[in-house]
Amino acid sequence: MVMMVPPEKVKNDEGVAAKQERTTVDSLEETTVAADRSSPQPQETTHQAPHDNDSQNQEKLRAAATTRQASRMGEFNSNVEYVTVVDLPSPRRTHTMKKVSILPLVFLIFYEVSGGPFGVEDTVHAAGPLLALLGFVVFPFIWSIPEALITAEMGTMFPENSGYVVWVSTALGPFWGFQQGWMKWLSGVIDNALYPVLFLDYLKSGVPALGGGLPRILATWGLTIVLTFLNYRGLTIVGYVAVFLGVFSLLPFVVMGFLSIPDLKPSRWTVVNTKDVDWNLYLNTLFWNLNYWDSISTLSGEVENPKKTLPKALFFALILVVLGYFFPLLIGTGAVPLNRELWTDGYFSDIAMILGGAWLRWWLQAAAAMSNMGMFVAEMSSDSFQLLGMAERGMLPEFFSKRSRHGTPLVGILFSASGVILLSWMSFQEIVAAENFLYCFGMILEFIAFILLKIKHPNASRPYKVPGGAAGAILMCIPPTALICVVLYFSTLKVMVVSLIAVSIGLVLQPCIKYVEKKRWLKFSHSADLPDLEHEESTHSLVN
């Protein structure tokens, strides 16, 4: 911002004349504006040498002012001596929007990852009660906890909206950082296309017209538009909406738990048939329901005191997610006779009808609908703010960094919503498998970045630090990497081909964007106030 200088500051008194011999570039630019507006008359003085210097400065300032006026009109005066004024970096845009506190953040993470037990029914259908229950106990230790720990450390190292993109970019370079952003954004959009599908699957038992055809298409599009508008209105609103929806979505399972006590038979929990297991469906459903812990990193720039708030929120959300899966499965498999064929999307509403009647069924269906709304708005927030963060890092055109008057990334929201509408025709299983495949590639890059940053930047500031150093990081990443290999192995050929084509698009897209930047067809910019790891590490080493 240029500050106005009063006219009397330009006059030649003895004290000012002595100081103006040491005029800096910044003060020259400020005084130029003042000279342009005030045009002060030169004053006589008894000190000839300072007067000569000052007169020269005044002439240069007037020339610079004339240059600015002429340049606005498209003119150029070759008879005037011009003063070169260095362009100052524009200050970082400040946003007065309220930051997200810990309670809304916990529920945003809850909806990024889970949203409740809606959609876990396929684990029982694929593998039976015992493996389904064991999966939601063992799987968090193999996958969820390592991913949450990596997010806590890396997210506090880089508390900005590019999230995992800057992790990979710092460790492996901007090309792979862009690939990470492309794969994670695409998998997030694919994931978001699932929630209108689940929403309508739970309602179609009460409203059969929503089962297919034009009514289902219109309902999907209408729901997407309404929830997209909610994202546009602000992340703080989304956070508190997530709190309300989370409580509302989990309450019917608490009631169902009390009602099921007389009908519980523990022997039903131990049913297993290892020869009749659909491992592809089982692993994909577990993986889908317990991943995306890193998605909250793209909202780090909107969090109140992220270096302390983010690790705490991840811890509380982890407990909420695991309990929110395990106990509803315990109730459903223990209180109702087993028929694996019935355990598909929406079966919890049928269990509610058996245990409590129509009122509980309608409540649970409403809770499922609300839960899917919560997952949609949380995922879209993460996806759209990721695009904003990439634009602030110069990876995408500058228009992606533009915010609405509510502080939300308008262009990112529109791009994400368009992707959801285009992919809404896919079935539940196809969506889960496709986004899991892309997500696996992105997580491999994250694990590599996590280990390399431990090795290359051991002294960098880490407000939350996973113990064990580089060796501990390698050991922690082995189990989830092995799980990724298993998930990829069981992928169908169709999903693999489609996913590899999507990955190939990213490999071509990044050089094309760099070419556009080189030709200056679109404007790119890099925020000067983003963390500089090299500088921060050297400063941290000197302090310690």
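Any Cβ shown, glycine's included, is placed from N, Cα and C.
Annotated features in TrEMBL:
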type	residues	note
COMPBIAS	8-24	compositional bias 'Basic and acidic residues'
COMPBIAS	38-48	compositional bias 'Polar residues'
COMPBIAS	49-62	compositional bias 'Basic and acidic residues'
REGION	1-70	region 'Disordered'
TRANSMEM	100-120	transmembrane segment
TRANSMEM	126-150	transmembrane segment
TRANSMEM	162-179	transmembrane segment
TRANSMEM	215-232	transmembrane segment
TRANSMEM	238-259	transmembrane segment
TRANSMEM	313-335	transmembrane segment
TRANSMEM	347-364	transmembrane segment
TRANSMEM	410-428	transmembrane segment
TRANSMEM	434-455	transmembrane segment
TRANSMEM	467-490	transmembrane segment
TRANSMEM	496-516	transmembrane segment
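Within its own chain, the transmembrane segment (215-232) has Cβ neighbours under 8 Å at 196-197, 199-200, 209, 238, 241, 373, 376-377, 380-381, 384, 404, 406, 408, 410, 413-414, 417, 420-421, 424, counting only residues six or more beyond its boundaries. By number of Cβ pairs under 8 Å, the transmembrane segment (162-179) is matched best by 496-516 from the list 347-364, 467-490, 496-516.
Beyond the ends of the transmembrane segment (313-335), by six or more residues, the same chain brings 102, 105-107, 109-110, 113-114, 116-117, 120, 123-124, 129, 132-133, 136-137, 140, 144-145, 148, 151-152, 250, 253, 256-257, 260, 263-266, 268-269, 289-290, 293, 296, 347-348, 351, 354-355 to within a C-beta distance below 8 angstroms of the stretch. Under 8 Å from some Cβ of the transmembrane segment (434-455) lie the Cβ atoms of residues 147, 150, 153-154, 157, 164, 167-168, 170-172, 176, 179-180, 183-184, 186-188, 190-191, 194, 284, 287-288, 291-292, 294, 426, 469-470, 473-474, 477, 480-481, 484, 487-488, 491, 495-496, 498-499, 502-503, all in the same chain and six or more residues away from its ends. When Cβ-Cβ distances below 8 Å are used as the criterion, the transmembrane segment (496-516) is approached by residues 175, 178-179, 182-183, 186, 395-397, 434, 437-438, 441, 488, 522 of the same chain, each at least six residues removed from its ends. With a cut-off of 8 Å between Cβ atoms, the residues of this chain six or more beyond the transmembrane segment (347-364) that come close are 117-118, 121, 202, 205-206, 252-253, 255-256, 259-260, 263, 328, 331-332, 335-336.
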